[in-house]
């Protein structure tokens, strides 16, 4: 992070998608609308139905909120850029976009671990579940997730602001992300890379470890359940979360833990698309299609809407 911010670059040009822009605009617009409708619908469904006022759905509503905000920090600018000849973003706008995306992405990673702990308490310690997982405790867990996400984003954003960007200003990506920005800096970025890998590695490792421990205990508990119906119910509440975890952490690990490319052409845009668009789009469908309570609540809401 050496060198002061004597940046001569006042704007960046995002070169993420230069071909088939009209087609990609339609595809990404439909994906963004799906993200908004699916996740906002999930939030409204949870907040308006008293049967879903449980810790699991409280965390799920915040996961949907994070997905909406995460996509909204990227998609509007991307859609506007696909309609323009040059997708230009100011230096301050780029840093701001990175900050909010880092806050939301880190918070979601931690929240997924919190949701695994919630499943552990519900399945392994059902008699203590409602006593331990009070609303106040759940709020503290969510606020703690946001606090860690904000702290992580502040560390990396402060590091970026210490770098010099003297040109070129062409980012071969569709949003402002840490690896491609470091490639454009004319300062020594070794410390930034080390801090990035250390912080993100610690967050992902501890979150995944918490998830693995939680589900190891859950599997042992389910194994000892004699009732086939109870086994199926326990599995059904876990498989949705595991699918979301696999998609989220898989794309995040590929994005941050692969070797830094020597050239700016290879920035893992496919992994970024999964990370920023596909996962937020699929999450509400994964939870709604594989969750009996959400399906029944959604069915009642649709019947009430149609009757009106």
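Quick reminder: no glycine exception, Cβ is built from N, Cα and C everywhere.
The structure displayed is predicted, hence computed values, not measured ones.
Record features (TrEMBL):
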| type | residues | note |
| --- | --- | --- |
| TRANSMEM | 23-45 | transmembrane segment |
| DOMAIN | 38-287 | domain 'G-protein coupled receptors family 1 profile' |
| TRANSMEM | 57-75 | transmembrane segment |
| TRANSMEM | 95-117 | transmembrane segment |
| TRANSMEM | 194-222 | transmembrane segment |
| TRANSMEM | 234-257 | transmembrane segment |
| TRANSMEM | 269-289 | transmembrane segment |
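Remote same-chain residues near the transmembrane segment (23-45) are listed as 17, 52, 60-61, 64-65, 67-68, 71, 75-76, 78-79, 82-83, 277-278, 280-281, 283-285, 287-288, 294, 297-298, 301 (criterion: CB distance under 8 Å, separation of at least six residues from the stretch ends).
Away from its own ends, the transmembrane segment (95-117) comes close to residues 56, 59-60, 62-63, 66-67, 69-70, 73-74, 77, 89, 141-142, 144-146, 148-150, 152-154, 156-157, 160-161, 175-178, 181, 200, 203-204, 206-208, 210-211, 214-215, 241, 244-245, 248-249, 252, 275-276 of its chain (Cβ-Cβ under 8 Å, at least six residues beyond either end).
The average pLDDT the prediction assigns to the domain 'G-protein coupled receptors family 1 profile' (38-287) is 85.
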